[in-house]
Amino acid sequence: MEDRSDLYDVYTTNAPPPLEDLQHQCLEDQDNVECLRRKIKYYFMNPCEKYHARGRKPWKLILQIIKIAIITIQLVSFGLSNQMVVTFKEENLMAFKHLFLKDYADGGMDSYAVYRQVDVYDHIDYIIKQYGHLPNITVGNHAYEKKGDFYTPLSVCQEFYRNGTIYPGNDTFEIDAHVETECFEVYPMYNPSLQETLSHFELHFKRMLSVKVTFVLKAINLQTVRHRELPDCYDFTVIITFNNQVHSGRIKVDLENDVDINECRDWKVAGASARNIYLTVLFDCLIIITCITSFALCTRSVINGIQLQFAYTLYSQNRCGQKVPWSDRLEFVNGWYILIIASDTLTIVGSILKLEIQSKVLTNYDLCSIFLGIGTMFVWTGVIRYMGYFRKYNILILTLRAAFPNVIRFICCAGIIYLSYCFCGWVVLGPYHEKFRTLNTVSECLFSLINGDDMYPTFKNMKQKSSLVWVFSRVYLYSFVSLFIYMILSLFITIITDTYDTIKQQQLSGNPTSELQKFMSVCQDLPNSGMYRLEENSCFLNCCVTRCRKHQETHQERLTSEA
């Protein structure tokens, strides 16, 4: 009897559920699918449709509009300040060239050189004299650097091979490749001529590599006072190089200028208020807070999209038995949100650097301008997302997104051909053409040829010293222009055109083109239908609560009928 009872229990446990339970389970599954479909459709709505669907104000859209305005104002303000810094550096460099380079003319740095030994001595002597009389010569506020009670000296250093005997007439030489350096210093308060130092300083022209004259000057950028900014103090390290590494009889002369920006030790500005500085700091703090808020909202939207993607993937695998393609999965990852998050991060870092520059903790204007510039570019690019909600403007975005994979593959293949021409032109034509001297200039020249710029000078400037190389240059240039302009560019345009036609036909037909779009198209609920006005908890939780209540009511009715 016990065995029969056990068997009866097992039979009862494994028996199929009643028909009513199966019907309720089907209804529950259908509610689940409808909730998922409605939630996905709401995720892909534009801000206006979301407002009609749930009554929530488009805070992200409002915040992005405000952020574009204040970030643009910040960039313009910083750009004007950075422009003053760059102008001050460039004009000081030009002033140093006129002060310390003998017989210098504007724009003649490429051809500025000396060819005689006496000219080298004269130029070095001229630099020493100009440095000694600088306070009486310059029209700027330049001064010598001072460490303690002493001024830093001017340094003249000669680099040359340790030993060598060179006899070009006999085609013989003996050289020691080790490089030695010989220096002497001249203090500003004592201004001897070079002739007085020749007893212990002599230029070894046959084995000389270079002569470097180095000194430090200080200046203050006063033009920022007119813009209610505190002036910066500058340290200019001037390096004048006589380059003789080629040993060709032509010693090129170059002047370089390394700049250090420091906070002035003691300052006082009369007739100006520091209120503008504090307002600028508060404005930068407002931008940081705005970007942090935008970063949080967009990150939350990205997380919601990923959660929906997981839910849709589980539904497709469990209910439909098929895998979701990556194209549909990536639809849930909104690239515009990623772009806004990147722009917020760059703007926050740039604003922090700007605050440190204003407080004179840092002076790296270039790094700050890169962060702020890229951040502002991404912010303005993100505006295209809201333009895409209009049907006529959306075709541009859809075309770019659809054509992007094919464009990348095409560029990779074309880039290989482009690099092959770069290397070939650099090796063969480099000695005979200025535009092919380095890989960088070769790439710039070929890219200009693709765009139809500077074609005739490129052909004309080829030196005809070697007839073989001249013939090769013609074949090289004609084949490159024909290949890239008539074939590769045409194919590139064809890819974009075909993608545009495909997208346009899809928009005209209005048929869903992916499984995700087919899944959402089943939901016919309009944004103002009231079906999207959910409570604070999720749609699935509401559906589960409703189903539990229905199940309890059904179970209660069944017990009542049995009784």
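All residue numbers here begin at 1 and follow the chain in the order shown.
Cβ atoms are placed via backbone N, Cα and C, with glycine included.
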Q: Among 62-82, 335-355, find the range that TrEMBL records as transmembrane segment.
A: 335-355
(Q) Need one number: mean pLDDT over the domain 'Polycystin cation channel PKD1/PKD2' (367-503). (A) 86
Q) Within the domain 'Polycystin cation channel PKD1/PKD2' (367-503), how many residues are helix, strand or coil going by DSSP? A) 120 helix, 0 strand, 17 coil
Q) Are the transmembrane segment (335-355) and the transmembrane segment (407-429) close, by which I mean at least 3 Cβ pairs under 8 Å that are 6+ residues apart in sequence? A) no
